[in-house]
Amino acid sequence: MSIRAGQDNTNLPWVEKYRPSSLDYVYGQHDTVDTVRKFVQDGRLPHLLFYGPPGTGKTSTIMALAKEIYGKNYRNMVLELNASDDRGISVVRDQIVNFASTRQIFSNGFKLIILDEADAMTNVAQNALRRVIEKFTKNTRFCVLANYAHKLNPALLSRCTRFRFQPISQEAIQLRINDVIKQEGINIDDDALQSLLKLSKGDMRKALNVLQACFTGLDSPSQAITSPMIYECVGAPDPQDIEHVLDTIIQENWEAAFTIMNRLKLEKGYALIDLVNGFVDILGGYQLEKMCRLTILKGLADIEYAISRGGNDAIQNTAVIGVIKKGFETQT
Ligand SMILES: Nc1ncnc2c1ncn2[C@@H]1O[C@H](COP(=O)(O)OP(=O)(O)O)[C@@H](O)[C@H]1O
Ligand SMILES: [Mg+2]
């Protein structure tokens, strides 16, 4: 595969190139967007806390909101801090206090301080932040962003209005991805698109990154992106491979199953745990008798546990085949 450099003139990673330029382009978070917009319209923006899994639009939403509030005054009125760059208390004390206490020349509204990845801050820093928030509430609003609310100091939490960012629905991711496909002129088949949506698990950043990685890896930009490419890029085993091994185990004799399984592990670099997870996924869609399903799931669960405890791979390999064969022997 070749890397095509300088293909588009902006040359930005797509997660930046397609960062929502306004709240209208934040997909799949309607309730939150509507509510914060209303706060601003009513002129009563509280301190905010956005929390939830990565790639769901927390940073994008507050940046878009800030642009909506301040327009070209953005630079003077907004301070963006990434708390995980410097976890110490000095960030809180110096930068925030400095920014919050300087007089505003251009406008008499409040200033906005965005604290990204605040759950990476030390507890001491969070405490200091709480006091700073209190002190500057008259002319400053804070927006705290975090993956986990429970990692934040309760006293800090209680000062903010909380919004949970859900994993983005597949439909919403698809809408955004379709924009990108059109704009970049990507050739992607429907199967691949569905795989991309499924493997992204509600993370828009992941969806964009995987799509861009696949696109850059093509031999020519007009080549179609296929489902196996998506799986390879994510590092997840291709379900077709997994199903092939499973069928062999069910239908063929022991030696054949063993050979196929080992060949696939060698050629594609799959770990046994990938196969076990894949089998569970696929068997979930099969019509099986109760006893068969029970036997297999119980057996695979034991194997998963054994692998996680560092069990011998060769022994676990054969155990997987044994468990599945045993399960299917109970089918009448
Ligand atoms: N809800 C969303 N709507 C549209 N794009 C999104 C959304 N969430 C994430 N993205 C895309 O993913 C990238 C990362 O999003 P970001 O807002 O930084 O996520 P978070 O802060 O929740 O980890 C953005 O640049 C944008 O391209
Ligand atoms: Mg973020």
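Positions of Cβ are set from backbone N, Cα and C atoms, glycine also.
Automatic prediction, not curation, is the source of TrEMBL annotations.
Listed in TrEMBL for this protein:
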- 44-171: domain 'AAA+ ATPase' (DOMAIN)
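Counting residues of the domain 'AAA+ ATPase' (44-171) by DSSP class, helix then strand then coil, yields 59 helix, 26 strand, 43 coil. For the domain 'AAA+ ATPase' (44-171), the model's average pLDDT works out to 87.
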